[in-house]
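Structure first, commentary second.
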Amino acid sequence: MEDILRPIYQERASKPNTLGILIMEKQEAVSPETDDFDSILLVIVKDADKDWLVKHYEFGDQSAALHVIDQELLNEWMDTSAYRRAVEWIINGRILYDRNEYVANLKETLRIFPYEKRSLRLAIEFSKITRSYSEAKNLYDSGNYLDAYSRLLRSLHYLGRIAIIEKGHHPEVLVWNQVKRIEPEVYKLYEELIRSTEDTKKRVELMLLAIDVSLNQRIDVCAPHLLEVMQEKEEPWGFGELKTHPQVAPYMYDLVSMVEYLVSKNIIEVVLEPTKSEGIRHRKYKISESAS
């Protein structure tokens with residue numbers, strides 16, 4: 001396969017803005033990691049005209065996809081897991097071209113998974129699970145048990161990813177195989193939900209309790225990213241200014257659920273301030289004294 005693709009990647013390697021090239025080859029008949037292509041060519045460039053260029057190729061019974069990605073977009077994907085496949089391509093891909101050890105350094109950064117990057121990823125996943133968990137509770141309370149069940153499956157998916165990141169690993173595309181190896185207790189929750197013989201209402205009720213316990217146990221590792229941002233000033237934060245903080249941007253859409261969950265656990269405290277309108281007060285937030 002590499003021989004067939006050589007003219008394509010050699011042309012890219014000759015360009016001065018190309019930083020590195022990797023190949024990821026299909027290992028199984030069904031391969032979500034490679035979008036079911038036989039090979040993925042990942043070309044990392046700087047100062048690209050387009051942030052992400054994709055081309056598909058076919059030769060005989062073989063297929064390949066070429067992804068030319070600007071380094072800034074790739075860094076964003078690595079930090080936020082916005083496109084998990086690309087992270088897997090870097091971790092598991094074979095280096096074909098590497099200018100000044102750029103790709104080798106990327107691989108090492110992903111292997112180390114430094115605290116600041118891990119902290120952000122945990123906050124992102126925590127914001128997502130607080131959103132889906134809150135929705136599941138509301139749906140259960142309103143008698144929509146199947147919809148609540150669906151949200152709980154999503155919550156368990158986020159919980160699985162949190163458990164993997166906690167252990168210093170990057171979540172893979174096939175996350176449950178990874179969870180089973182790395183954090184069997186979370187995998188057991190997943191099996192309990194899908195294999196239980198209880199009726200849907202009872203399954204949802206029990207899983208809401210189990211996930212709440214798991215979330216409580218992970219506040220100390222998932223909340224620090226947001227709390228460190230809030231420590232930047234002593235005054236309470238308006239939600240709008242917190243939401244637009246550059247470090248919070250990756251999870252701004254689910255921030256409200258995360259904040260409300262932390263308020264319910266007395267990690268964040270609500271501060272009410274007067275407005276120009278009588279009887280209406282601004283709702284602001286600060287870190288609770290018991291949590292600081």
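One-based numbering along the chain as shown.
Note: Cβ is positioned from N, Cα and C throughout, glycine not excepted.
Residues or ranges marked as domain 'Nucleotidyltransferase-like' in TrEMBL: 1-118.
Per TrEMBL, domain 'YgxA-like substrate binding' is recorded for 120-218. In the predicted model, the domain 'YgxA-like substrate binding' (120-218) shows an average pLDDT of 95.
Annotation source TrEMBL lists domain 'YgxA-like helix-turn-helix' at 225-287. Counted with DSSP, the domain 'YgxA-like helix-turn-helix' (225-287) comes out as 27 helix, 16 strand, 20 coil.
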